[in-house]
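Participant: Quick one: the structure is below, and I'll ask about it shortly.
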Amino acid sequence: MSGGDVPPEAKSAMSSNLVVAMWAGSNVALSVSLVTINKIVMKTYGFTFVLSLTLCHFIATTIFLEAVTRFKLFGSSVKHMETKDNWLTAFCGVLSIAFMNFSLQANSVGFYQITKLCIIPVVLTIEYVKARKTVSYRVLVSLSLLLLGVGIATVTDIQLNMKGCMYAVVAVLTTAQFQLWQGSKQKQHGLSAIQITHSIALPQTLITLASVVVVEPNVTSHTFSSNYVDVALIVLTCLIAMVMNVTSFGLIGKTSAVTFQVVGHAKTCLIIASGFIFFPPTYFSANEIKNLFGLFVAILGMVLYGHIKTVDQRRSNGDLSPDCLDSFLPDPKFKGPATSQMQDEESQPMAKAEGEAEGE
């Protein structure tokens, strides 16, 4: 093989990493945009009906993906999960969105941030309990740094109440389970990101519609602004949400629920960092220094996580070259060339001694 040739495994890994980067980048950009515009719609224009807004997003997603799959756009076609899996996954997704919003309304911002930080440990726990799936201690170290940093940077006031705690527990459990199903059901039924999003879009729409009738019946009495700017913004959120839903399934399908959460925390760090970059304070208070320190720790955890996952993938493809982390975070499953060479050198005298003994 010439120096310029790239092994097929390496090409496949590079292509896969590029796809993941595209899914992650688009998901972060769309998510930040959606959150920002949703806040404008709710706070500036007074449209505080969270479930109704979510219903609009699901309706837009259903119509868009119905057209995409029916006309076989983007190489996609109509393919559904089994009815039970379809409705169960859709119901779990709606519960996740609803109770995350209920938790935000019933709890302080600090406790809500802690709720989001709990999702990764719960995902890991569910995977271990159900499938005895574990992650390496190197990954746990990187995730611990990430969660610690995000916690330092975002958690401020913590106020507890029974109702808010109940909302938070349901929100964490349903979100963790939904994100696990986003990946596992996709692989189990052989669906693409577009197909599985389309498969659960109509059930999610119907479930949310029923929830709106029960929880937000007064949405019909809401008065929109005379220039209909709020209506235009709601339409814009629908357009963003229907693409973001596909990128969420695409990212989880290519990676895992844990990586999806890491990308979500990266979004949080990006928002905090952009605030310091575009609106730098005249002087740094103790709280801002704390936020910067937390941001630094979180970014360190994210970079470490990404590096470890890349190295693990490379080694699973047969590349046994040493890594810079091996000296202070050794991988117990990895035996590099140096280790193998030492073992060979140690085994040679033993083999020689055994041969001499047999000769005698």
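Glycine residues also receive a Cβ, built from the backbone N, Cα and C atoms like all the rest.
Annotation source TrEMBL lists domain 'Sugar phosphate transporter' at 19-305. Taken from TrEMBL, the feature region 'Disordered' applies to 322-360. Residues or ranges marked as transmembrane segment by TrEMBL: 18-38, 44-65, 86-104, 136-155, 227-246, 258-279, 291-308.
Neighbours and distances for these, please.
Facilitator: Using a Cβ-Cβ cut-off under 8 Å and counting only residues 6 or more beyond its ends in the same chain, the transmembrane segment (18-38) has close neighbours at 53, 233, 236-237, 240-241, 243-244, 247-248, 250-251, 254-255, 263-264, 266-267, 270-271.
Beyond the transmembrane segment (227-246), the same-chain residues lying 6 or more positions past its ends with a Cβ under 8 Å from any Cβ of the stretch are 26-27, 30-31, 33-34, 37-38, 40-41, 44-45, 47, 53, 56-57, 59-61, 64-65, 193-194, 197, 201.
For the transmembrane segment (291-308), the list of distant contacts is 136, 138-139, 141-154, 262, 265-266, 269, 272-273, 276, 284, 325: same-chain residues at least six beyond its ends, Cβ to Cβ under 8 Å.
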Participant: Can you give the mean pLDDT for the domain 'Sugar phosphate transporter' (19-305), rounded to a whole number?
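Facilitator: The answer is 89, the mean pLDDT of the model over that range.
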Participant: Give the nonlocal contacts of the transmembrane segment (258-279) in its own chain as ranges (CB under 8 Å, at least six residues past its ends).
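Facilitator: Apart from its flanks, the transmembrane segment (258-279) reaches 24, 27-28, 31-32, 116, 119-120, 123-124, 135, 143, 146-147, 149-150, 153-154, 179, 182, 248, 251-252, 288, 291-292, 295, 298-299, 302, 305, 309.
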